[in-house]
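Have a look at the structure below, then the notes.
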Amino acid sequence: MIRSHRCLVNFFVLLLAASSVVCAQLANCQNYGTPLNSTDCKCPAYVTGRNCENVICRRYAVPDKDRCACAPGWYDKYCGLRGCRPPNEDQMDLEKRSLIVVFNTKTTMKSQLDTLKHNFNEMVSKIMRNSFGTRTPWIDNYIVYGFVKSGSNLHIQSEFVYDSDDVINYLNNLELFDGDATQPLLTAVKDSQ
């Protein structure tokens, strides 16, 4: 009886030794990759490399170990579109926001600039009134982004301030330039953030 147990123990030890040899011959996959053979791995989505060592981050995210550090508004491990889940409002303060003014500083925009300067405080006051007519000061700061494209040159003027009067002061000193007939407005809106 003792002899049969000794054989069983020897078989079990032999089995463990054989299985560790088999595991050592598989590729060392990272980021949840699956070993295909001794050198290659099958990588999950958004991961590349022979051993799945490269994480691919989307939407301007930065790789951080086995996941991505997402830009504001993007979620999940690789900064993809968020599925239907409850909102995660703990990640950012939604009470205060920035108001971004993107303005084309082409010389032909002088009358629009004068109108903006004249009406800016009233416009901000109306924006900050809720449906009941009471003022809710949700604007924490302002970004003014002036741009004009002339040939291959893009001239940018930008300022970050905390008060609407400072916006008007900055607009009073905004320099206008000659520019092309078409201007890169959508690019400027994206770059202003």
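Placed from the backbone N, Cα and C atoms, the Cβ positions cover glycine too.
So that you can see what the record holds, here are the features copied from TrEMBL:
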type: SIGNAL; residues: 1-23; note: signal peptide
type: DOMAIN; residues: 19-53; note: domain 'EGF-like'
type: DISULFID; residues: CYS43-CYS52; note: disulfide bond
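The number of other CB atoms found within 10 A of the CB of CYS43 (disulfide bond), across every protein chain shown, is 22.
Packing around CYS52 (disulfide bond) is summarised by its Cβ count: 23 other Cβ atoms lie within 10 angstroms of its Cβ, all protein chains included. Mean pLDDT for the domain 'EGF-like' (19-53) in the predicted structure: 80.
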